[in-house]
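First up is the structure itself, then whatever we jot down about it.
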Amino acid sequence: MRFAVGALLACAALGLCLAVPDKTVKWCAVSEHENTKCISFRDHMKTVLPADGPRLACVKKTSYQDCIKAISGGEADAITLDGGWVYDAGLTPNNLKPVAAEFYGSLEHPQTHYLAVAVVKKGTDFQLNQLQGKKSCHTGLGRSAGWIIPIGLLFCNLPEPRKPLEKAVASFFSGSCVPCADPVAFPQLCQLCPGCGCSPTQPFFGYVGAFKCLRDGGGDVAFVKHTTIFEVLPQKADRDQYELLCLDNTRKPVDQYEDCYLARIPSHAVVARNGDGKEDLIWEILKVAQEHFGKGKSKDFQLFGSPLGKDLLFKDSAFGLLRVPPRMDYRLYLGHSYVTAIRNQREGVCPEGSIDSAPVKWCALSHQERAKCDEWSVSSNGQIECESAESTEDCIDKIVNGEADAMSLDGGHAYIAGQCGLVPVMAENYDISSCTNPQSDVFPKGYYAVAVVKASDSSINWNNLKGKKSCHTGVDRTAGWNIPMGLLFSRINHCKFDEFFSQGCAPGYKKNSTLCDLCIGPAKCAPNNREGYNGYTGAFQCLVEKGDVAFVKHQTVLENTNGKNTAAWAKDLKQEDFQLLCPDGTKKPVTEFATCHLAQAPNHVVVSRKEKAARVSTVLTAQKDLFWKGDKDCTGNFCLFRSSTKDLLFRDDTKCLTKLPEGTTYEEYLGAEYLQAVGNIRKCSTSRLLEACTFHKS
């Protein structure tokens, strides 16, 4: 005992008992040449990193797979990988994530990806799902845009057995040009280019060669990258003779590649363990390395180049590195189509039945929504399945990644979903007359975002809200956040809303902030129904019990007063107990929302992935006819637009779902005025998902 006490005193005196954080980043090299460059990298970084900063070390392995295992096990910390290896690194049990991405092009126009597209001649009449029996042109065997992506996406349509893959592809197309394929074993793959020459000197090799195969060699479709046709045909009139095949089995002009591509091919990425604190150290080293040893910075050592060989540690063609947003995992980095293509080829497992008969997997928030979804699933005879998530953004993420298929969102979250590549499919409609006359408008008429106060508070108005207590439906939601905070931002010109209001409840805001002070839980300030003040009714209850102003939809007060809400907090409330704040500084009764509102907002809308949109629309059209025939029929049986608590899965005041015109974009649905409002507050956004989804667009 005496020895233990003495040892502790000695430790304390010497400071040895304090854990010293490990600031060493161990880079993994896969060859002798890479390791030699890594050692030079290490030595040069010593001269430019601060004395108390991170340090670089090198670990040599013999393969990317060994490096991935070493990083996962803590023996190494980082390595740069191409997309296929990023996929492997992200899988369990490796669980690595991208922390930085190489970019190409220039500092002014950094490119972290290119797009794989399918080009066809204008005037032909087939779609992506009708390629069987056509003649195909590929950049080369095993290449991303020309083979991995198109064959991966077509994999489940290939005839069985699908091994060897080349044989299945040869049977699927009536003839092909696949440079580098074996002309003896698979002669049909070389039918359009005898010998399947594997050299850039061959006429049909590579991107330009695959397009020439389409143009001059008898092909029906060419799998290339989005810039290829612009390089070969600089004149628009010439390009207009060609079209792109889209994932949703439509066609678009070749200059609309952003809306019609097979997959995004991401740049090489630096990967690391998820959440052990090394990401910041890795980025600090890379940031300093670029500044001192990037393109054209130093003759002594070049980060993106080496006399020892090609593409050591980083690609020689890289112009620099960008930090990847913290929310981005390997799936968001690679994109759903890329992940699907690789997974199909690696695992060789295809779902039973086609996408046209598959159930729709709905994403539910919280236990209450999941309970309603499960009831819907049982009633739907297998047409609906359920997936759960803790937040709306988590649900959007799951839909993007194919773990779920659809959900209904307010405009603010529909904007985020749109930025993540999802599309609007059907709109909630709150006007029974336009349900019975669906042609009256292309899109259902929107609702009003309003600011509600207590009539007893005579001093409050739109211009003196500073220091008041605010109640919001949730961060990034339309009526409760984007519209009022966008208007506020244009006035105060900063994003410190938690300093503008004295207290508030804004579910989804930073925890321990004053804008979570008024929230009641049980999951305090959570952006779901586990926060009692979440949503329209929750924000109104917050006003009744604690707040000075609530930002909600125009129907909220009407739905919760004059006996329409029998909950203890609402049963005695009267409409005249509340007023609306008008932007001109006046007030009006809650029934005069048409002339006293902050803005008109788009109705909530069902979103899905492009390739799933048609199926979602078909299933929902049948489901709404089965499970909603009006309030009077909504007794005893499952009802789509009725909830045990407020607004589960859909708004309870929904009268029908209106099908949107095919190809409607989120920008078209939300409208220019609303997009401008969201744009105003974009710089204040705390959405990590939005940051991740726009990374490859920046």
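From the backbone N, Cα and C atoms, a Cβ is placed for every residue, glycine too.
In sequence order, Ala145, Lys225, His226, Thr227, Arg264, Ile265 make up the list of same-chain residues 6 or more apart from Tyr114 (Fe(3+) 1 binding site) whose Cβ falls under 8 Å from its Cβ. What Swiss-Prot lists as Fe(3+) 1 binding site is Asp82, Tyr114, Tyr207, His268, and the listing cites sequence analysis.
Here Swiss-Prot flags Thr139, Arg143, Ala145, Gly146 as hydrogencarbonate 1 binding site. All chains included, 28 other C-beta atoms sit within 10 angstroms of the C-beta of Gly146 (hydrogencarbonate 1 binding site). Secondary structure at Gly146 (hydrogencarbonate 1 binding site), taken from DSSP and collapsed to helix, strand or coil, is helix.
Close to Tyr536 (Fe(3+) 2 binding site) in the fold, though at least 6 residues off in sequence, lie Thr473, Ala479, Gly480, Val552, Lys553, Thr556, Lys646, Asp647, each with a CB less than 8 Å from its CB. Per Swiss-Prot, the feature Fe(3+) 2 binding site maps to Asp410, Tyr447, Tyr536, His604; the stated evidence is sequence analysis.
Marked as disulfide bond by Swiss-Prot: Cys28-Cys67 (among others). For Cys67 (disulfide bond), the same-chain residues that are 6 or more apart in sequence and have a Cβ closer than 8 Å to its Cβ are Cys28, Ala29, Val30, Val59, Lys61, Ala76, Ile79.
The annotation disulfide bond is assigned in Swiss-Prot to Cys156-Cys350 (among others) on the grounds of sequence analysis. DSSP assigns Cys350 (disulfide bond) to coil in the three-state reduction, placing it in neither a helix nor a strand.
Residue density at Cys177 (disulfide bond): 33 other Cβ atoms are found within 10 A of its Cβ, drawing on all protein chains shown. Following the DSSP three-state reduction, the secondary structure of Cys177 (disulfide bond) is strand. What Swiss-Prot records for Cys177-Cys193 (among others) is disulfide bond, and it gives sequence analysis as the kind of evidence.
The DSSP secondary structure for Cys190 (disulfide bond) is helix. The feature disulfide bond is assigned by Swiss-Prot to Cys190-Cys198 (among others), with sequence analysis given as support.
Cys260 (disulfide bond) falls within neither a helix nor a strand when secondary structure is assigned with DSSP, and so counts as coil. There are 24 other CB atoms within 10 A of the CB of Cys260 (disulfide bond), with all protein chains counted. Marked as disulfide bond by Swiss-Prot: Cys246-Cys260 (among others).
A sphere of 10 angstroms centred on the C-beta of Cys693 (disulfide bond) encloses 25 other C-beta atoms. According to DSSP, Cys693 (disulfide bond) sits within a helical segment. Annotation source Swiss-Prot lists disulfide bond at Cys420-Cys693 (among others), citing sequence analysis.
Sequence annotations record features per position, and here Swiss-Prot assigns disulfide bond to Cys435-Cys656 (among others) based on sequence analysis. Using a 10 Å Cβ-Cβ cutoff, Cys656 (disulfide bond) registers 23 neighbours.
Per Swiss-Prot, the feature disulfide bond maps to Cys471-Cys542 (among others); the stated evidence is sequence analysis. Same-chain residues at least 6 positions away in sequence with a Cβ under 8 Å from that of Cys471 (disulfide bond) are, in sequence order, Gly504, Cys505, Leu518, Tyr533, Ala539, Phe540, Cys542, Leu543, Lys546, Gly547, Val549, Ala550, Phe551.
For Cys495-Cys684 (among others), the entry in Swiss-Prot reads disulfide bond. With a 10 A radius on its CB, Cys495 (disulfide bond) counts 16 other CB atoms from all the protein chains.
Cβ neighbour count for Cys519 (disulfide bond) (all protein chains, 10 Å cutoff from its Cβ): 26. Positions annotated as disulfide bond by Swiss-Prot, on the basis of sequence analysis: Cys505-Cys519 (among others).
The Cβ of Cys516 (disulfide bond) has 21 other Cβ atoms within 10 Å, all protein chains considered. The disulfide bond annotation in Swiss-Prot covers Cys516-Cys525 (among others).
Summarising the annotation, Swiss-Prot assigns disulfide bond to Cys582-Cys596 (among others). Packing around Cys582 (disulfide bond) is summarised by its Cβ count: 18 other Cβ atoms lie within 10 angstroms of its Cβ, all protein chains included.
Summarising the annotation, Swiss-Prot assigns domain 'Transferrin-like 1' to 25-347. Over the domain 'Transferrin-like 1' (25-347) the predicted model carries a mean pLDDT of 94.
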Query raised in the report: Cys190, Cys246, Cys350: which of these disulfide-bonded residues has the sparsest Cβ neighbourhood within 10 Å?
Result: Cys350
Requested in this report: For the recorded Fe(3+) 2 site formed by Asp410, Tyr447, Tyr536, His604, name the remaining residues of the chain with Cβ within 8 Å of the site's Cβ center, in chain order.
Outcome: Gly411, Glu428, Thr473, Arg477, Thr478, Ala479, Lys553, Ala601, Asn603, Arg651
Report task. Name the secondary structure element type, per DSSP in three states, that contains Cys495 (disulfide bond). Result -> coil
Query raised in the report: Of all the disulfide-bonded residues given, Cys156, Cys505, which residue's CB has the most CB neighbours within 10 A?
Result: Cys505
Query - Cβ within 8 Å of the mean position of the Cβ atoms of Thr139, Arg143, Ala145, Gly146: remaining residues of the chain near hydrogencarbonate 1 - result: Ala116, His138, Gly140, Ser144, Trp147, Ile148, Ile149, Gly206, Tyr207, Ala210, Phe223, Val224, Lys225
Query raised in the report: Counting other CB atoms within 10 A of each CB, which of the binding-site residues Arg143, His268, His604 comes out lowest?
Result: Arg143
